[in-house]
């Protein structure tokens, strides 16, 4: 296939086929090259791969861990424990079945599903999950790359990006992510990287693939597990250390969950999403199902429950924040609505734009995208600078993989400004503060609530300064309501080319106060369609305000005949609009040339799920005063308005018999209409309630009220106060259940602020130890320490001097190994920086690089780093490919080591072609041709 753009200056690209490089027509065996060229076409015609089953099961067993252990043992399984935070769900393992098989397991152990204590089980399938980094085109590897962080400096005179994300402006206001914890769900992070180590948080890290607490990536020659380390640097690379870059939240804590470097199953994803939800604030994920233009996939049953647990229970009930990359399948015509992770109401789906504000070639369009950041673009546009594997830096990070950690870092700045933001508050803030700026898209529209929105960029480019300023004064939005409109289960044929329209008229659950939705947030369409070629479908939703959301675009590569079964499409384009009215669903079938147009699809059923609030999310209305008859109070009343003209003739009521009995002791001097406390005309002490709740006289006000002696009324305390001295939130004396009394401010809070902890027995916020930034249960039981202290066994210990490390076993500072300048432990393998005259090799400091390595200067490091020579070199100088000696079985050709091997089937003409075209110097061709020729001499 010809290249998509002219090659950049540099080394000559490898030949495409033998016949195009001077080989005569008589050259032998050209069929070898034809076979190679034909392979992609053959592979594309293969049927989709069959599912791969593992020897792991997810099982729901009631009765607790003991019951699960007994059930597992009875059927030959091992119970590996509860799955994350999901009660009654357990991870079973069977050692006597195939580790990986295309057939689901059979045998006596399958009787497990008939056990009466087993409510549900699922043999785990391997899920394909790909890292969302745009593929590099080797034609442009030698193009110049800007080494500065251009996306932080768009205001510079010569910058091509005209609009700022205003990260520096947020920093200038004092927000750098302090006390916020972000975790990267990926292939691990290099915790000893000099730019990550200062902010690395072991408590926010775990290795799900290896089942231990070290999230370090697996190292190999290809460095394929670099993705998580790159994402982590964008969030929280340390500042002012003369190394690599500055992270967006450079004072935030950064952790890593290693979960992509192995079989990814529903259990693996659920465990990863549920790691320490009350400690980790933000989870960032730059991966998902294949972006191949034909896959429809999303979270399984367990992962969905983990998402729900996180938003309900995470961050002490405020909700975990999940940030997701929207996908890189633009070149394949993919649509991110077919990705159940970015299409979820629980995730913040983030898109990308180029430095010029253009649509990147990898971008996927869909209605669930919330916001956008800068990232890479065409080969001539700059990429993103960040940390890289083996303590390096890179200026080549690309794709929407960049955008998710960028937004995670910006949200960390907002959480520092206001740590009481809920997961929905954060989404509202992004909607309010993101802006179209100079982002170019033909589909920008203003929705019914006045928000400008696009399928490419959501609500636009994130604005860090606007986000922190809005967060600082933010009031929590009202509670979320969910209204399910009646499902339309009438099957309808989908006519070819024409548009099938069906409507749903809803009052948005106005009859149910706990479900009523007036102002929209997310709108979900749950739909089932049968169709001979799924990729020919287009689906739109039109709101009562007229906003049109594209739920699905045509996908040329999706030839599946599976259609959709209860698939949920989500749109945020109706955010802030009124929910009540007529909704229109449009389904269009545009048949491709490879399909018989006479075969029609069928819309089986669809339903509408509305999420939002019953009250306006951004305004508070004062309650109207009751116009009904009230008890006479000892305060002056307003004079009634004078009506123009003669007053109307009042009807003369029948005379009622006047009460002459004894009044209640709490009745005042104006008497009563009966003997009870709710029949007084005025009160001795206080009146309680109103005309709707039968106002009565009381001697003292109950809990939740205070006595207004001037008005002789019981007035309600501020929300959360149990006893108080006034209506203000700062006049609380004690708090209701679920709140804690902050004695220094006399307020009632659901979470104690930094520096205080919640005492459950007294329901008080008490001060942590002076060394603690955050603590739990006790003054000295720390989770975060102040500057100058380190966390050890729940206590804050003073930081150690250079050349020493903190020994958590002995609770003191210990000496580093003599080869280390700085370290994390006593052995030579635990150095961070090396002592003078030592080099860094394989995580150790050595006096000289070993055989097969060469020394290289690293900017910002006080020592050299030993780099590995090419795999065939015994030794090299200055570069990995500049071999000076070769391993046994290899011959030196220039600066390369080539296999010293002959084969009887290579004739002189073929070998001459190999030599003349210097194919053996190109690694790609070593296996194809070099082993067939004797090249020595």
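In case you wondered, yes, glycine gets a Cβ from its N, Cα and C as well.
Taken verbatim from Swiss-Prot:
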- 186: active site, charge relay system (ACT_SITE)
- 227: active site, charge relay system (ACT_SITE)
- 401: active site, charge relay system (ACT_SITE)
- 149-468: domain 'Peptidase S8' (DOMAIN)
- 476-616: domain 'P/Homo B' (DOMAIN)
- 899-937: domain 'PLAC' (DOMAIN)
- 1-22: region 'Disordered' (REGION)
- 621-656: region 'Disordered' (REGION)
- 680-898: region 'CRM (Cys-rich motif)' (REGION)
- 711-758: repeat 'FU 2' (REPEAT)
- 762-806: repeat 'FU 3' (REPEAT)
- 810-855: repeat 'FU 4' (REPEAT)
- 1-45: signal peptide (SIGNAL)
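Recorded features from Swiss-Prot, shown on the structure.
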{"residue": "186", "record": "active site, charge relay system", "DSSP class": "strand"}
{"residue": "227", "record": "active site, charge relay system", "DSSP class": "helix"}
{"residue": "401", "record": "active site, charge relay system", "DSSP class": "helix"}
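Listed as Cβ neighbours of the repeat 'FU 3' (762-806) (distance under 8 Å, sequence separation of 6 or more from its ends, same chain) are residues 179, 203, 253, 279, 734-735, 737, 739-743, 749, 752-756, 812-816, 820-826, 830. Here the repeat 'FU 3' (762-806) has, by DSSP, the following mix of helix, strand and coil residues: 0 helix, 23 strand, 22 coil.
The helix, strand and coil residue counts that DSSP assigns across the domain 'P/Homo B' (476-616) are 3 helix, 71 strand, 67 coil. When the repeat 'FU 2' (711-758) is classified with DSSP, helix, strand and coil residues number 0 helix, 21 strand, 27 coil. Restricting the average to the repeat 'FU 4' (810-855) gives a pLDDT of 86.
For residue 227 (active site, charge relay system), the number of other Cβ atoms no farther than 10 Å from its own Cβ, over all displayed protein chains, is 25. Spacing of residue 401 (active site, charge relay system) relative to residue 227 (active site, charge relay system) is 8 Å (Cα to Cα, whole number).
Per-class residue totals from DSSP over the repeat 'FU 4' (810-855), listed helix then strand then coil: 3 helix, 21 strand, 22 coil. Within 10 Å of the C-beta of residue 186 (active site, charge relay system) we count 30 further C-beta atoms, all protein chains included. Geometry remark: residue 186 (active site, charge relay system) versus residue 227 (active site, charge relay system), CA distance 7 Å.
Residue density at residue 401 (active site, charge relay system): 29 other Cβ atoms are found within 10 A of its Cβ, drawing on all protein chains shown.
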